[in-house]
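J.: Shown below is the structure under consideration.
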């Protein structure tokens with residue numbers, strides 16, 4: 001399966017030039033046409049009210065993207081949640097719970113004080129958010145409206161954050177944030193299955209704010225064609241902490257040491273590159289599929305590679321770390337890199353959030369058959 005995924009990725013990136021490859025790519029591009037058309041009709045159906053969408057009685061902030069792979073949604077959600085909690089608000093994240101055994105089912109993952117469901121059931125990202133942001137409530141469910149209703153009944157939040165919500169048009173939002181990777185905002189600019197776009201580029205019109213992620217401080221993305229408010233952010237790796245608990249470690253403390261890194265995230269190469277930019281000497285790396293459910297086979301592979309590479313230290317991501325607790329004794333010392341989001345244009349997003357909180361008044365809970373016009 002991994003080899004097949006790699007092949008299609010090479011096709012989309014133009015790294016395969018044989019006649020069979022060109023034929024396969026032509027087939028993918030042909031298949032993308034009805035897919036893109038269906039997505040346009042779907043969006044039009046929600047916008048016109050033909051397909052019903054529902055509104056929660058508290059403000060909803062959606063954070064999402066239009067491309068496959070990681071654009072930094074989790075650190076962005078964590079930043080927004082921390083900001084709102086700092087303003088004294090009770091915040092609940094609504095997530096699907098990708099990768100968990102209960103994916104799509106209604107679950108209260110965190111009540112803001114306690115983690116009630118583990119990553120095996122709830123998925124890695126909901127549990128990571130619950131642990132990373134003190135006071136954050138997290139609810140999972142395929143139907144985010146129903147998840148929001150459950151949160152209202154049990155947790156009484158003041159505001160919702162819809163995680164990975166750009167395509168979840170069934171739930172109306174009051175602020176629609178679209179994340180674009182500064183390095184390659186629209187991938188190869190083709191829709192699935194011929195490219196990385198989850199829907200046509202025109203979907204950007206639904207966004208209230210475009211947030212470019214993984215920018216460099218000196219970078220200036222081309223914003224003129226967007227005709228949308230936009231701001232920039234960058235990801236910072238701020239040292240690491242032992243998985244087993246203990247004092248944090250600066251990356252400079254690893255200078256000159258043989259290290260290996262492993263990760264099961266959407267963009268493992270970006271994580272490995274980030275470590276090397278911080279001066280970590282990576283002698284080997286191991287990439288698993290996104291949302292990997294770690295078991296004995298995966299842990300054995302990590303340990304074999306550590307031994308073969310004679311690595312003194314192992315480093316992984318926060319997202320992986322939430323799933324490694326059962327294997328701490330086998331793994332020994334593993335360092336967890338701390339990833340934070342730095343907003344280069346923070347006042348613009350803060351102003352939008354503050355305006356939403358000021359204007360956001362409680363609304364009556366609408367019945368599910370209501371079809372309002374704003375999606």
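Cβ from N, Cα, C; glycine included.
As listed in Swiss-Prot for this protein:
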- 67, 68, 69, 70, 71, 72, 73, 74: ATP binding site (BINDING)
J.: Among the binding-site residues 67, 71, 74, which residue has its Cβ surrounded by the fewest other Cβ atoms within 10 Å?
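T.: Sparsest of the binding-site residues 67, 71, 74 by Cβ contacts within 10 Å: 67.
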J.: Return one of helix, strand or coil for residue 73 (ATP binding site), based on DSSP.
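T.: Going by the DSSP assignment, residue 73 (ATP binding site) falls within a helical segment, counted as helix.
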J.: Once 67, 68, 69, 70, 71, 72, 73, 74 are set aside, which residues in the chain still have Cβ within 8 Å of the Cβ centroid of the ATP site?
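T.: My list of surrounding residues reads 65, 179, 181, 213, 266, 267.
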J.: Using a 10 Å radius around each Cβ and all protein chains in view, which of these binding-site residues has the most neighbours: 69, 70, 72?
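T.: Per the Cβ count within 10 Å, the most buried is 72.
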J.: Using a Cβ-Cβ cut-off under 8 angstroms and a sequence gap of six or more, which residues of the chain neighbour residue 68 (ATP binding site)?
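T.: Listed in sequence order: 187, 192, 196, 197, 198, 266.
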